[in-house]
Ligand SMILES: Cc1cc2nc3c(=O)[nH]c(=O)nc-3n(C[C@H](O)[C@H](O)[C@H](O)COP(=O)(O)OP(=O)(O)OC[C@H]3O[C@@H](n4cnc5c(N)ncnc54)[C@H](O)[C@@H]3O)c2cc1C
Ligand SMILES: *[C@@H]1O[C@H](CO)[C@@H](O)[C@H](O)[C@H]1NC(C)=O
């Protein structure tokens, strides 16, 4: 059989990382990325890119933990390499604070991040409205740099990237043996998946180089995430809102909430306001599917629905998706060998 042709639809953090894993697990494949948007125009470009997991209610916890651990280990190695600065990967320490003591004191990821511990009384004095907190060190992927670095690595392996909107996955059937769907919220239209819904998030990027530690309110709504070149201030979680235009009232509200946690932000210069739609689902859809139409088959691998935590688990889910692609190709080679007998 000739080199199997694989198309990855989507060029956010999930599509790019999945493509990179496929080049590793299936070096004989001819790989193409098709996407209607590339960095800096994807949802992934809006994200703060912090490695703090979001919980998927219908994905088993041990699976979520495995994805997070694989992602953390992979990025930790990059953060310790000479590539760290270009890739936009860095360690960041800080605090997650709570107004009330959380029910479960230890989140499932507490032994994956570094140095997880309860905050001391002295640290808590910084946050008079909060009762309790956890200090730890985690990783952050700055975007767009991380996405551009993934693109650069992909181009170096010779893969094709085309600007193309796919209206129907069947369009790809005659050109490709396997199609990998990493379309994020775009999968709603592409597949009609009603379980997938947008959770709108608005953030501000500000210039405040003196802010070195992250601060996250345990309710997940207000956060301050310092990156290499800017600090991300958030945020909002608006279910089923499709609006991509920034709201001025929300911008002021986010800024005020962040200043109440870190008053020195009053002196920050606003750089930009961004909006993204988190591709949310009860669980990440990571599975093979075979579509049939009039006796013709289309082999698909899905990897979408990462909601508020795509960066935190992207490498783990990309590895699993690449493994599913390899299974599809093995099945194809098997049936083409049998056809020759
Ligand atoms: C404000 C905000 C803050 C966030 N902060 C964090 C954080 O700190 N940590 C974290 O882990 N996560 C965070 N997230 C979540 C994270 O951004 C997402 O989980 C992640 O970006 C999803 O990646 P994706 O590649 O699936 O989607 P996307 O980045 O949206 O990529 C989808 C790609 O598919 C393409 N596409 C879609 N439909 C089609 C089609 N029909 N034809 C061709 N191409 C198509 C798009 O053009 C795009 O390239 C945040 C999200 C938001 C909005
Ligand atoms: C991003 O979008 C802008 C505005 O539509 C466009 O001019 C630019 O070419 C896009 N960038 C990429 C890399 O597609």
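Keep in mind that glycine also has a Cβ here, set from the backbone N, Cα and C atoms.
In TrEMBL, annotation is done automatically, which means it is predicted and not curated.
Residues annotated as FAD binding site in TrEMBL: 43, 44, 166. Within the same chain, residues at least 6 positions away in sequence whose Cβ sits under 8 Å from that of residue 43 (FAD binding site) are 12, 184, 185, 276, 277, 278, 279.
Summarising the annotation, TrEMBL assigns D-dopa binding site to 223, 278. There are 25 other Cβ atoms within 10 Å of the Cβ belonging to residue 278 (D-dopa binding site). Secondary structure from DSSP puts residue 278 (D-dopa binding site) in a beta strand.
As annotated by TrEMBL, domain 'FAD dependent oxidoreductase' applies to 5-324. Model confidence over the domain 'FAD dependent oxidoreductase' (5-324) is summarised by a mean pLDDT of 96.
If you look up TrEMBL, you'll see 1-19 marked as signal peptide.
The binding-site residues under consideration are 44, 166, 223. Their Cβ neighbour counts within 10 Å are lowest for 166. According to DSSP, residue 223 (D-dopa binding site) sits within a strand segment. Proximity of distant same-chain residues to the signal peptide (1-19), defined by a Cβ-Cβ separation under 8 Å and at least 6 residues beyond the stretch ends, is recorded for 26, 28-35, 37-39, 42-44, 47, 141, 143, 146-147, 150-151, 154, 159, 161, 166, 169, 172, 175-184, 186, 190, 303-304, 306, 310-311, 314-315, 317-318, 321-322, 325, 329, 332-333, 336-337.
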